[in-house]
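Listed in Swiss-Prot for this protein:
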BINDING   35-37, 41-47, Thr231, 261-262, 269-271  ATP binding site
BINDING   Asp67, Tyr212  L-glutamine binding site
REGION    317-324  region 'Interaction with tRNA'
MOTIF     34-44  motif ''HIGH' region'
MOTIF     268-272  motif ''KMSKS' region'
Amino acid sequence: MSEAEARPTNFIRQIIDEDLASGKHTTVHTRFPPEPNGYLHIGHAKSICLNFGIAQDYKGQCNLRFDDTNPVKEDIEYVESIKNDVEWLGFHWSGNVRYSSDYFDQLHAYAIELINKGLAYVDELTPEQIREYRGTLTQPGKNSPYRDRSVEENLALFEKMRAGGFEEGKACLRAKIDMASPFIVMRDPVLYRIKFAEHHQTGNKWCIYPMYDFTHCISDALEGITHSLCTLEFQDNRRLYDWVLDNITISVHPRQYEFSRLNLEYTVMSKRKLNLLVTDKHVEGWDDPRMPTISGLRRRGYTAASIREFCKRIGVTKQDNTIEMASLESCIREDLNENAPRAMAVIDPVKLVIENYQGEGEMVTMPNHPNKPEMGSRQVPFSGEIWIDRADFREEANKQYKRLVLGKEVRLRNAYVIKAERVEKDAEGNITTIFCTYDADTLSKDPADGRKVKGVIHWVSAAHALPVEIRLYDRLFSVPNPGAADDFLSVINPESLVIKQGFAEPSLKDAVAGKAFQFEREGYFCLDSRHSTAEKPVFNRTVGLRDTWAKVGE
C-alpha cells in the first residue's frame with residue numbers, strides 16, 4: 001500500500017479519534033465479517049478498505065472472520081476466493097483467519113444462559129406462523145402460545161433440538177423481548193434454527209445453528225472488537241446487538257456504527273440477482289469481466305490501487321446514494337494512463353499496401369510511455385504491408401476528419417507519412433485493400449518541405465502481426481438503475497460484450513494476465529486469464545480512453 005494514498009477522514013474516524021483521546025479505548029480493533037456464500041463485489045471493497053484501512057492507519061488490528069452460520073449456502077470455494085480478494089486489494093488480517101463457527105460452543109452456552117434467565121424460549125410455531133405473529137410496521141405482534149414455557153422445559157427442548165429430535169422448521173429458539181416493540185427486529189427474534197447440513201468447518205457436529213444477530217455481537221465481543229462497522233440496513237439490528245450483550249455474562253461490549261452501503265450505476269449488487277445472472281448464463285461466471293465482483297473487476301484489468309482510490313473518493317457517510325459508474329472508470333483510467341505501457345493493436349483491420357516501399361522491412365523505435373522515458377522503448381517491426389483500423393480510412397471526408405482519406409496524407413505512429421492513392425473492393429463494395437505511397441524521408445520527423453500532416457494513426461506490420469481476439473466489454477446494463485426495472489434481466493445491455501478478431505504488435509505475445517496496456521488510440525486492455533492461449537491471446541478492454549457514456553446520458 002502506497003504511503004502516498006493519503007489518510008481520509010469521515011464520521012467514523014472522528015468517533016475513533018474521540019474514543020482514543022478520551023481513553024475509552026487505547027487501541028483500535030475492527031473486523032471484516034463476510035458470509036462465505038458468494039463472491040465479494042465492489043460494495044464489499046468499500047467495507048474492506050474502511051475496516052482494514054482504519055486498523056492500518058491507527059496501527060491497530062483487523063480480523064477476517066467468516067460469518068459461517070448457514071451451512072446450506074456456504075462453501076469453502078467462497079472462503080478461499082474471499083481471502084484471495086482481501087489480499088489482492090493489499091490488506092492483511094490480524095492473526096489467523098477466524099470463523100463464527102469457532103465460537104459455536106460459547107454461543108450455545110450463552111443461549112443456555114438466556115434460557116436460564118427466562119430470556120429465551122423454544123418455539124414450535126412454523127416459520128409461516130412466526131412471520132404472521134410478528135405483526136407489521138403499523139401493527140404489533142402477538143405472543144406465541146409457547147412463549148411462557150418454564151425454564152426447565154425450554155432447557156429440555158433446546159437439548160432435544162441439539163440432539164436432532166426435531167425436524168427442520170419444527171422448532172427454534174427465540175429471544176423473549178417484546179412482541180409490541182416498534183422495532184420488528186426486537187419482536188422475539190429467532191436465535192437458533194435447525195439445519196441438518198454438513199458444515200464446511202465443523203462437519204456434522206451440530207444440527208442447530210445460531211442466527212447472524214446472535215452470533216455477530218458475541219463474536220465481536222469475544223475477539224475484543226472496539227468498533228463494529230456495518231452498513232445502514234443493520235441500523236435497527238443494533239438494538240438487538242446491544243440487548244444480547246447486555247443480557248449475557250461477557251466482559252466486553254463493542255459498539256456498532258453504521259455507514260451507507262455502496263450503490264453503483266449500471267449494475268446490481270444483490271447476491272440473488274448476481275447469482276441469477278450466473279446460473280441463467282447471462283454471464284460466464286462470477287469472474288465475468290462485466291460483473292461487479294472483485295474477481296470480475298480484476299479479470300477485466302482493474303488494479304487494486306484503482307479500487308482503493310475509488311473507495312477513498314466516494315468516502316464514508318450515513319446517507320445512501322448511488323455512485324456514477326464514471327467515477328469508478330475514472331479511477332482505473334487515471335491509474336493506467338499513468339502506469340500502463342503503450343502498444344499497438346488493430347481491432348477492425350483492413351490491409352494497407354505501401355506500393356513504393358522497398359525491402360522486406362525495418363524496425364522502428366517506440367517509447368513505452370510518452371511521458372515516462374524511464375519506462376524505456378521497444379523495437380516494432382515495420383513493412384510495406386500493414387494493418388490499420390477500418391475506422392481510420394474514408395474515401396471522402398470533411399475537414400474535421402484527421403485520419404487517412406483518398407488523395408491525402410496521414411502519419412503512421414512513430415513511422416512514416418503516407419498518402420492514400422486508391423482502394424480495392426470486394427463484390428459487396430467493402431474495401432479490402434488500401435494502396436498508398438510513403439515519403440521515405442519522414443521516419444519520425446516532419447516532411448522536409450515543411451508541409452503539415454496533422455493526423456496520426458496506429459498500425460501493425462502484416463508480416464509480423466500477432467492474431468488476437470479482442471473482447472470489448474461495456475456496462476452490463478443499459479439503464480443506470482437496473483434494480484428498479486420490473487425485470488432487471490430485460491435491461492441487460494446487448495452490446496456489453498462485442499468480440500473482435502484483430503492484430504497486435506508482436507511484443508504482446510509476451511503479455512501476462514493482470515498486466516495492463518494502453519492500446520494506442522483504443523483504450524486500456526489486459527490479457528484474459530481464462531481464455532487466452534499461446535496461439536491466440538485474448539485481450540479484455542478494461543476501459544476506454546474517455547467516457548463514451550457521458551454523451552449517451554445527455
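For all residues, glycine too, the Cβ spot is worked out from N, Cα and C.
Look at Thr231 (ATP binding site): DSSP puts it in a strand. Long-range contacts of the motif ''HIGH' region' (34-44) within its own chain (CB-CB distance under 8 A, at least 6 residues past either end) are made by residues 66-70, 73-76, 78-79, 81-82, 85, 200, 212, 261-264, 269, 271, 274-275, 286-287, 291-297, 307, 310, 328. Sequence-remote contacts of a segment are chain residues at least 6 beyond its ends whose Cβ falls under 8 Å from one of its Cβ atoms, and for the region 'Interaction with tRNA' (317-324) they are 10-11, 232, 258-265, 480-481.
Here the Cβ of Ile42 (ATP binding site) has 22 other Cβ atoms within 10 Å, regardless of which shown protein chain they belong to. For the motif ''HIGH' region' (34-44), the predicted model reports an average pLDDT of 96. Of the listed binding-site residues, namely Asn37, Thr231, Ser270, the sparsest CB environment within 10 A is found at Ser270. The binding-site residues close to Asp67 (L-glutamine binding site), defined as a CA atom within 10 A of its CA, are Glu35 out of Glu35, His44, Lys46, Leu262, Ser270. Here the Cα atom of His44 (ATP binding site) is found 18 Å from that of Tyr212 (L-glutamine binding site).
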